[in-house]
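Participant: When I checked TrEMBL for this same protein, it listed these features:
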DOMAIN    332-396  domain 'SAM'
DOMAIN    403-476  domain 'U-box'
REPEAT    50-91  repeat 'WD'
REPEAT    93-134  repeat 'WD'
REPEAT    235-276  repeat 'WD'
REPEAT    277-318  repeat 'WD'
Amino acid sequence: MVTLIHSLADHSDDVNCCAFSSSCLATCSLDKTIRVYSLKDFTELPYSPLKGHTYAVHCCCFSPSGHFLASCSTDGTSVVWDAGDGQMLAVLEQPSSSPVRVCRFSPDSTCLVSGAADGSVVLWNVQSLKLYRSGSVKDGSLVACAFAPSGNFFVTGSSCGDLTVWDDKMRCLCNEKAHDLGVTCCDISSQPVSGGEHAFTYFQMASCGQDNQIKLWLILLADSSGIELKYKCTLNGHSAPVLACAFSHDGQMLVSGSVDKCVIIHETSTGNALHTLSQHTRYVTTCAFAPCSPLLATGSMDKTVNIWQFDLKQASAANAVENESKVAVEDWSEDDVSAWLCAQDLADFVGLFKRNNIDGKELLNLTKESLADELKIESLGLRNKVLQKIEALRMDVRTASVPVPDEFLCPITRELMKDPVIAADGYSYEREAMENWITNKRRSSPMTNLPLPSLMLTPNRTLKMAISRWLETQQK
């Protein structure tokens, strides 16, 4: 269903956002730049990279008309660019000069919303490039924003966990506590749904947060009662905070990216996970579907943007395969074992295993002796090869049944630590990961983003011993 067709590695620091127009892909980064690529061959446009910001660029978006590209930054500004030639059209300064975390165009391309770290939200007139109206949320930073397809309202999400619905006059229509640990992203499906015999229309909205969850909502537009935000369901699957979510153009799929380094494509009608993509090596910070082509872009703190091609027609089949793969190994049928053998380049053994009625439970119990005496595999090399694959499968089973304690995972890499050290912020990290963090001239804490009073790293021997003891129990 999904194929990786291209990987972009031009940014020199974390990728924070990616956005499509009908013909281009824009990406932005902590390296202060915005890069723009052609969708024909993914070559960078002549005017790229755009270098107008003085600090990290957090968000970028194209106007639906395709004429404009907007970006926003820690420098307290949103910049509007000509999407045709890259010319800077305006620098829009947030009234409070607070770092701007998110920006979005209205569906008719006449307005631009910018949300900042101090909770301020500004509605800009794109034609005059002047401030139209402004407001603010009570608590937290504004980190997420999405316009309804109708354009008469938009939703913002804050770091304190609230979703707020605003009308096009910047009046607050409703407010809902959505994620206890903070909202990180939200999106509204471009396809409205009729209420049938009832006199209302509703839109589907997704939000994600630091609580590892993705929530689906219904925004009801009733003739008499205005707007109502209703919780629909929660999509699970990620094992760490979810940083990004986005609907496909037809609203049938929702993609999400997480601190667990995975991208999950969900079917919105059922909530099922259609596919899990795990090619990124660091946190996945952004994801976006193209509006006019079967493309998906995902960006990460590994400094890359991956371009994926998908086929909606294969979604049902892929869903069936994905669900089958979730069956516990001990519950595998003989056919499941045959499929596993083929995937492990052991197809020559399919007939032998079937003749001996090897199912999942039997597979996990195979030993060097049973491979030789019962299955009559004479070659020592082949027996060792099969046994190595089975041992790897056993390890996967053990890992799946007993997840790694979160305190054993490095906050930077989300991998099991081998040489944990304590930094000046009081948190423990994998030594190599923290040394790389500091080497890249980052003197702030990866966990709190506050300045580190010292760059000294102290070995955490107690934690290292605890990890060793845990590993020993997993090997028994």
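Glycine is treated like the rest: Cβ placed from N, Cα and C.
The model shown is predicted, which means the values in this text are computed figures rather than measured ones.
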Participant: Per DSSP, what is the helix/strand/coil residue tally across the repeat 'WD' (50-91)?
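Facilitator: Per DSSP, the residues of the repeat 'WD' (50-91) fall into 0 helix, 23 strand, 19 coil.
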Participant: As a quick check of your reading of DSSP, tell me how many residues in the repeat 'WD' (235-276) are helical, how many are strand and how many are coil.
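Facilitator: Residue counts in helix, strand and coil order: 0 helix, 22 strand, 20 coil.
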Participant: Average pLDDT across the repeat 'WD' (50-91)?
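Facilitator: Summarising the repeat 'WD' (50-91) by its mean pLDDT gives 95.
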